[in-house]
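Report on the structure given below.
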Ligand SMILES: Nc1nc(=O)c2c([nH]1)NC[C@@H]1CN(c3ccc(C(=O)N[C@@H](CCC(=O)O)C(=O)O)cc3)C=[N+]21
């Protein structure tokens, strides 16, 4: 058996074309959604991601607001840019690219953001709203994963989901999404303190591997027919190495390629958060 592909690239393209219709409708009411990015320092990877986000915006008709600061910027400099974007009506949502350079403290920066402009869905208020079931922006990678499964017809309702990794962007928050009544999954969160990982993996209908450990998920641990999502990004000789061993494709029913799986979906959901925030504000 060879797993069917959870095609993030094609799915993200479909979502982007749907979003451009919604952006056009907003523009007819005189509203232009605008994504702001704050990039501090000159890490080439971070710059590449930020540029990709602005390219995505151009594709769907969202305006771009780019703010760049040198690696030598002070805490005060970064916080001033955040205050400026909070006050800028052209900026309907924004992200501060993480991680910040050494010496800068990211939590005070994130807490200073206007939660209604949080495009990442990672502001304490956004995570609090998710826990309480109040409408608001949702974390982009978890949202992208749910959307990728939904659009490929993978059953989430009643599924046993095993999540690997307790990072804030994926592992910590995805359980909150998947255990809502509307998703209705049973979620087990595994991490470096989990005693018997294979025991949990073997009963999973859906595996979400977000540990950042190359080839952590082995073919012999995966239940035949399971859906396996590879979120891990490690690099070896310039190439992406995921958390899922390539042999898993022979056992799983569904697999997300990496690259071309969850990454493009994360980007599409950032755009989705911008459009939804603009719609919420317009009372749509
Ligand atoms: N405030 C903030 N928000 C973020 O969302 C955020 C961040 N900081 N810091 C860095 C990480 C990383 N991240 C990725 C998004 C898309 C791909 C992506 O689309 N990757 C392509 C290929 C990438 C390649 O070939 O190098 C793919 O998977 O097909 C990757 C990584 C968002 N991040």
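Think of each number as a place in line: the chain as shown, counted from 1.
Cβ atoms are placed via backbone N, Cα and C, with glycine included.
Automatic prediction, not curation, is the source of TrEMBL annotations.
Quick caveat, the model's predicted, so the values are computed rather than measured.
Under the three-state DSSP scheme, residue 167 (NADP(+) binding site) falls in the coil class. Using a 10 Å Cβ-Cβ cutoff, residue 167 (NADP(+) binding site) registers 14 neighbours. Per TrEMBL, the feature NADP(+) binding site maps to 165, 166, 167, 233.
Across the domain 'Tetrahydrofolate dehydrogenase/cyclohydrolase catalytic' (6-120), the DSSP tally of helix, strand and coil residues reads 61 helix, 19 strand, 35 coil. According to TrEMBL, the domain 'Tetrahydrofolate dehydrogenase/cyclohydrolase catalytic' annotation covers 6-120.
Summarising the annotation, TrEMBL assigns domain 'Tetrahydrofolate dehydrogenase/cyclohydrolase NAD(P)-binding' to 139-281.
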Cβ contacts of residue 166 (NADP(+) binding site) (under 8 Å, same chain, 6 or more positions away): 172, 189, 191
For residue 165 (NADP(+) binding site), nearby residues of its own chain (Cβ under 8 Å, 6 or more apart in sequence): 171, 190, 191, 209, 210, 211, 212, 231, 243
Secondary structure content of the domain 'Tetrahydrofolate dehydrogenase/cyclohydrolase NAD(P)-binding' (139-281), with strand meaning DSSP E or B: 54 helix, 28 strand, 61 coil
Cβ neighbours of residue 233 (NADP(+) binding site) where a neighbour is any other Cβ within 10 Å: 17
